[in-house]
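Listed in TrEMBL:
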- 1-54: domain 'SHSP' (DOMAIN)
Amino acid sequence: MERSHGKLCRRFRLPMNAKIDGMKATMENGVLRVIIPKQEVVKKPEVKMIEINY
């Protein structure tokens, strides 16, 4: 595998539920690992329609 040396710049768009404050990055053996946790999504309760005949 061929690797070059020098500056590298990459940009990524993050989803709205990304927790930027909890972001961590590590570099090991030339591999950059970025971990960005997601915020918990609060699910809305399901709406159930009941037909009433009178």
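Note that Cβ sites are derived from N, Cα and C of the backbone, with glycine treated the same way.
Nobody curates TrEMBL annotations by hand; they come from automatic prediction.
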Inset, instruction - Work out, from DSSP, the number of helix, strand and coil residues along the domain 'SHSP' (1-54). - result: 3 helix, 12 strand, 39 coil
Inset, instruction - Calculate the per-residue pLDDT averaged over the domain 'SHSP' (1-54) and state the result as an integer. - result: 87
